[in-house]
Each structure stands twice: as structure tokens, then as C-alpha cells.
Amino acid sequence: MPFALGQRWISDTESELGLGTVVQVEGRMVTVLFPATGENRMFSRAEAPLTRVIYNPGDSVESHEGWSLAVSELTEKDGIVIYHGIHSETGEQVTLRETLLNHNIRFNKPQDRLFAGQIDRLDRFGVRYQCQMLRHKLASSDLLGLQGPRVGLIPHQMWIAHEVGRRYAPRVLLADEVGLGKTIEAGLIIHQQLLTGRAERILIIVPDTLRHQWLVEMLRRFNLRFSVFDEDRCVEAYADHDNPFYTEQLVICSLELLRKKKRLDQALDADWDLLVVDEAHHLEWTEEAPSRAYQVVEALSEVIPGVLLLTATPDQLGHESHFARLRLLDPDRFYDYDAFLAEEDSYKDVAIAAEALAGNAKLPDAAINSLTELLGEKDISPSIRLIQADGIDAEVQQAARSELLQELLDRHGTGRVLYRNSRASVKGFPKRFFNAYPHAMPDQYQTAARVSGMMGGHKSLEAKAAQALSPEKLYQEFEDNSASWWKFDPRVDWLIEFLKSHRSKKVLIIASQAETALSLEEALRTREGIQATVFHEGMSIIERDKAGAYFAQEEGGAQALICSEIGSEGRNFQFASHLVLFDLPLNPDLLEQRIGRLDRIGQKNDIQIHLPYLEDTAQERLMQWYHQGLNAFELTCPSGHVLYSEFAEDLLNVLVVDDSDELTNLLNHTQSRYKELKHAMEQGRDKLLEINSHGGEKAMAIVQRLAQNDGDTHLIGSVIRLWDIIGVDQEDKGENSIILRPSEHMMFPTYPGLPEDGVTVTFDRDTALSRDDIALITQEHPLVQTGLDLITGSETGTTSVAILKNKALPAGTLFLELIYMADASAPKSSQLYRYLPPTPIRVLLDKNGNDLSAKVDYASFDKQLSAVNRHIGGKLVTASQPILHPLFAKGEEYAQVVVDEMVAQAREKMTQQLSAELSRLESLKAVNPNIREEELEYLRNQMQELNTYLDASQLQLDAIRMVLVSHV
């Protein structure tokens, strides 16, 4: 294409960007600036999806200064079109270079296509209209970002995501107990921030071992393609940019990478919108000597607007460590540890009052006095009277309690920055039952242990303990690779018999090492032909998906899945309820992580935990410490990390040297300390914080709405019809799933997101949750979003001609159906769509210019129409031109009235909502310092910007259908 600086073009795929200007032509690339949104796009000159904008004599064009020009002729100089004509205000003869055209101009192209005989198939008009309706529905939903992820509809998770995800630059601490889904909550918030345009560039910092887990979670659950950055990736990226972090929008990296000054400086300079830090409780801090890791995160949190910290519960951490996390979120607010402790102490009255309000009994005098004092600036006596009175409707009393609770929440010290759910406050967890199976130590292992002891060597206590816990590994070290420990290990014999006696059950088996997992699979296959599959860190994501799918399959699937420690990270198998621990990890957190593969919200059965172990060995002693000391098999142990830190040396000594007195002593001390910590945690429970974190009835209402949307048959029909029109092959696979594949006859050369070898999808959430290899299709899924964009961003369905066979109407009667779009060019981050979503406006005109759309609905009208071929359609349009021209003008008049009303309503809604929120936050700031000034300033600026964008809103003709009555 011939490009010149200053020329005006429009994007064929992103028409909402408005009129673009060529700002750079270099080599094979052209750069176009779209001033309406402030965005740049770079295209290949040979294949740019752009259309040159040149007006014709008779057209009216608008300058960037706001005046119009009636075009009489046009000339060209150096590739730039110059329009000549009459100034709309002065009546003078003037010229206007195309470079100075108004960039908010919209292009009503369908008439040009119609009169040029470019007529689409009838069904494409319908699909285009449906696509615009779907875009409107999604953009106007206050649940945008929550429907699409492949996650269970868990109330507390959806509540936190709904509350935090819609904030500007959220800065919060997610501190739920293990198993309650902090990663999912963070993913939901990230997904919501991206879909709503509040964030575009996101950096996730995780421990080295969790990088792959996060990559998988973000892709499989949230359809977000993050890139993992390590030193090698940074070096490779230099070919594209001086700062490697600018080469991707969504990045996962480890703290280790950012400890290097060069990489940290680059990350600090990379203009992120949101920072997410997992395992934030490992960031060590004291006022005198913060750790390097803490300093890295602190530096990033000072320059990145939004921050999510995922951490252990505050009760696990201790107050000082908890304060250190809060300090990262808001150093101005949490500036002094002693002041923080004093403030925490003052919250006890708030918690006591909240406890009373959360119950159903009448309020004691002490609670009423506390409430009156805490909410001193508000008259709460009417609410108190309702709660205390007899014979009052229960719903009315509950509403009064809820109102006062909300007032308390708004004033709670960390209520806006800390979310912490516990198993005590969240229902729906199964019970856990522990089953142990002792076996005699094989002679081969005893011999290997003796030889190892004689050989000596300088090994750390931890290395000796690890060796004692895995005798099969020690044995293999002294034998050649052909030796097979599984041929004599009694735990393997037990496992085979267990699987044979539980043929109908799915069994998850976890071992520490990938080599152990592979050997177990070989043993099951060669000795008994038991169907099992393996899951370890040496496999690719696709291989793991296939293994997980094979295990999940009810008919013909694997009975057992054998995982290594690292390989099982980030994968959950709630459809299984039997867990075999072939060995035990040294760390209580890893043990909980193993059990957590099954013990999650959504598990429908009680969990049976099975441990085959070798008697009188380190395996038995570690089992006793976990079971008798921590009760870690049958209950979650939030204090496990603390207890292991305190007793690690004693435990390692007991594992390495068999001393029954030392073991008894260790178990007694551990039990005693465990009870102390548990009691302290129970005493420290913050009822108000729990209420705020799980959302109560509001959370349930969100989940109910999402569940109703899941069963939307209209959406399913529309999406399948969309794929039909585009030309995607669809094969019914059974089990509520469809295989989608690109076909040779697709309407578009590529369908971004649709793999060449196809993808299996389902509209059923339960099916998607049980199968990692099946994508959950909702309106938010990229395959749906891309499909909508392909249709609405192209000319597909913009013109159509149809025949209406109806003898009640005179033959030759003409109707003109016009679909307009009320839209405005604005960056996604402005949130304009919340008030003025892209809205299709339907006008149905008879030949006299009367609008019949209110009397004749779209669906019933559409069913009566028959298609005509393109050639005949073109002739009918040509013959009808004298009637059509005035109808277009009339249709625009009708639609403009609707748009003006919509803009007025949008302005009123925006002003009411944002003013109310601003007023609320301003008044709260006086009593709760957690209200950040940045949030208030953002709301003020947003109101100004939105008014500007609403002023620039325009009407765009999107599609035309001409209908003629025939009796033939």
C-alpha cells in the first residue's frame, strides 16, 4: 500500500480507535497514531488491515477545530488529499488538508457498500446484530471479568475479586488460609483488571519453584498468556528492546532474578500497572535490617500503582511480620510498628460490636455503647430500636444489622487492605481420615543403609534425614540402573493390592521424586497391568494436560495418577478422594500442599489419606511427628511452618538417630506448642474481618447470578452460530464437549487463539473443572471475544437484502432495517463502557419513514425473511434508490434521539455513582486512614474525562437490511 506521512486511515479490525494518522513509514513497517484513544499501532506495509479514508464531493467533513466543510472537489499533493469547499460557519471558500480532519469522525460505510452492490448473505446480517448485542451485554455487566475464568463459583473468592478487582490500582493483602484459593483470587482480580482496562502491564513475582505453577494457572484457568522471564530470556530480549521487560505485557519472574541490580533497575523502569507477589510472608523484615528480597519488593511497590501480596495468615506470621506486609502496601499509613500495635488494640471494641451484630440475639448494652461510640458521627438509634424490638419482620431486622455492620467495616483499620478467610468461617470442606499401613524394612534396604553408614562422608543433618526417608533412592545409588527396588519393596505390594481392591475409585499417588513416580508406574503396569499415568516436572504443559485428562476420564481413563512433588504443584483433582502418600516430605507446608490437591473447596467426598511406611525407620518417626504432634493429616495446620522452624533440629536428629526417649520428648513439646499456637489463633480471630472477607449474602448473590449466566442457552446458540458463519469446524465429542478446528473455507485467513490442531471446548463449568484439557467457553473467553471482533470489526453482515413473503401486505412494499451503534472513542481504562456500552439501536422504517421497531420485534421479523442472491439483491437496491436516500436521513433522526437520551442517562448515572462514591470515601477518610488520596483523585479525574468522552460520543450506522414484500 502507498503510505505517506499525515494520511488518514481507519483500522479494519479496531474501528473503535477512530481516525488514524500515519506518523512513521520505515522499511516494511508503517506506524499509525489514533489520537482519539492515544494509541499507536505498527503494521506491515504489505498486509496492513487498514482502509484509506478519502471523502467524495457532496460529503461533509469536520476539521479538528470543530467546523465543517461541504466538499466540492479534492486535490492531492505529496500523497496528501486536500479538500476544497464551503466553510459551514462563514460560508467562505476554504481548503482542508486531510491531516487536520477530526479524529473522532466515524464512518457510515454500509450505504456505500449497499449502493455498490456489495451485499452480504442474509444470515450474516443476523449474526452481526447478535454479535453487537453480545458485546453490549458483556460491556454493561457489573460482573465483567468474573464469568470467564475456569474456576468453581466459590462465594468468598468471587466476593474478594468483585470488591478488589473493580478498584483503581488495588493495593491489598490476600491472606486466606491454605486451601481457600489465594491464587485463584489473585487470578480473578488480574483477569478483571485486564478485561476492564484498569491494568495492561502486570508483573508477577514468585519463588523459583512456583513459576511453572503460576504460568499453568494463568493460562488454564484465566486464558492469560504470561511469559516466564529468567536471565536467559532477558539476554534474548535485548534483540528487541534495551529493557527486556518491555518486550512482554504479562510477565512472571522469580525474586532471584530481581536481586540483580541491573534487572531490578530495568523492572523499576518498565511502567507496570499491577504487581503481584506470591509467598510474600517469606520477605524478611526488621526495622533495622530488612532483607534484600524485601527491599526489592519495596522498591517495586513504590513505583507500581497496584499491588497484590499473597501471604500466609497474619496469625501464622506474628504481628511484626504482618506489619511489614502492610507497610509495603501503604508506607505512609503504616509507618510505625508501635503505633500499629496501639491501633490494633483499639480494634477490639470494633470486633466485639461486630460479633454481636453478626448474631441473631438482641444486642447487649456493652455492644450498644461500643457502637454508639464507634459510629459517633451517625445517628444509629433507629437501627438499634429495630434490632432490639419484638415482633419486627426478620428481614427488616437483618437489614438494620447489615447496615451497621457495613458502617463498622468502613471504619475498620485494615478492612480495605486485608482479606483473610479461614476454614472456620468458610463452609464446604470435607473431612480427612488418616490410614497408616506399617511394613517391615526389606533386607536390601538395611544392607544399603549399613554400607552407606560405613562409607561415612560429610553430609548435613538434613541430607542424612532425606536419605533415611527414601531408602529406595539410597539402594538404587549402590546398584546399577537395571536394579528395580520396586520388585521387593512391600509398599509397592501393598499399593498394587490396594488399587485392585478399589478398582472403581480414582487414586492420586504422590512421591517426592520424579524417578520414584516413574518406577511406580512401571511396577503397576508390568506386574498387574493397572492403568496409571505419571505427572512430573520433566513433562511439558501439554503432556501434563493429557495425563490429567486421562486420569479424569470416567470411562476408559487411568485409575491412578502418580505425581512427583514438584510435578503436582498447581494441579487439583477434586474428583478423586483417595490420596496415597508413598513417602513423606520434610516440610509441613509441603505435606499440606499434597493433601491440598484433593482437600479443596469443591471436594464432594471425605478424603481418605493412605500412608504405607516402613516400621522402625525415619518414615515412621516423621509420621508420628506429623500425626501426634501436629495432627497434620486430619486437620490443616496453619502453625506448621512456625512449629517446623522451632523444632527442625530436634526433628532431624530424631529422624537420623533412633532414640525413643528423644522422640517422646519431641512429640510432647510439639503437642504442647501446637495447642498454644492454636489457642492464640482462635483468640485472635477477627470476626469483622472475616465478615468482610467472605461477603456473606452479597457473595451468594454474585454466585447465583454467575450460575444463571452459565446456563444461558441463548449465548450458546449465538456462539455456535458465530462459529458456523466464520467457518470453524465443530465436532461433537460427547461429555458436553466440542472439538473446534480451523477449516479451509474459513471467512478469515486466521482466527487468533484457535490452534491449527484444534481445541476441545465445553459450555459446562463442571466438565471444564474436571478436565484440564477442555476450555470453558463463556462470553469472556478469547475465542468468543476474537470471534465477535472478527465480525464486528469487518464488513461482514453490514448489508443485506431479503424477501418477506406476506400476502397481507402489497407486493413491492419496502422496509429498511437499520442498525446503529451508540459509541464513543475512549481508552478502555476510562471505564466509559460502564455507562455508555457499545449499544445497537434498531430502526425499522416503512417507505413513508415511520419507525416500526417498537411494534415488530427483531426475532419474529427475522424468521419470516428469505434470502435473495447477490445479483438480484443489487438490482433491487438500484431500483429502490430514490426511496432509500431519504429513509437513511429519517433513520438517523430517530436513532439520534435515542443516542441523545442514552448519553444523558449515561451522564446522569456516571455523575450519581461516582459522586456518591467520592462523597462516601471523602467522609470515610476522616475516620479511616486506609482511604488513599490516590483513589479520591482518580475518581475526580475520571468524572472529568468521562464527561469529555460523552461529549464526543457519536452515532454510527453499522448494518443495513432492505426488505421487499413478495407474493411469489
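Numbers run from 1 along the shown chain.
From the backbone N, Cα and C atoms, a Cβ is placed for every residue, glycine too.
What you are looking at is a predicted structure, and each value in this text was computed from that prediction instead of being measured.
As recorded in Swiss-Prot, the features of this protein are as follows:
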| type | residues | note |
| --- | --- | --- |
| BINDING | Asp176, Glu177, Val178, Gly179, Leu180, Gly181, Lys182, Thr183 | ATP binding site |
| DOMAIN | 163-332 | domain 'Helicase ATP-binding' |
| DOMAIN | 491-655 | domain 'Helicase C-terminal' |
| MOTIF | 278-281 | motif 'DEAH box' |
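Mean pLDDT for the motif 'DEAH box' (278-281) in the predicted structure: 89. Taking H, G and I as helix, E and B as strand and the rest as coil, DSSP gives the motif 'DEAH box' (278-281) the counts 2 helix, 0 strand, 2 coil. Counting every protein chain shown, 27 other Cβ atoms lie within 10 Å of the Cβ of Asp176 (ATP binding site). Taking every protein chain shown into account, Val178, Leu180 are the binding-site residues, and of these the Cβ with the most other Cβ atoms within 10 Å belongs to Leu180. Neighbouring residues of the recorded ATP site, listed in sequence order and excluding Asp176, Glu177, Val178, Gly179, Leu180, Gly181, Lys182, Thr183, comprise Glu185, Asn421 (Cβ within 8 Å of the Cβ centroid). Taking the Cβ of Gly181 (ATP binding site) as centre and 10 Å as the limit, one finds 24 other Cβ atoms among all the protein chains shown.
Around the Cβ of Glu177 (ATP binding site), the number of neighbouring Cβ atoms within 10 Å comes to 20.
Counting only residues at least six positions away in the same chain, the Cβ atoms of Arg423, Phe429, Glu592, Gly596, Asp599, Arg600, Ile601, Thr636 sit under 8 Å from the Cβ of Gly179 (ATP binding site).
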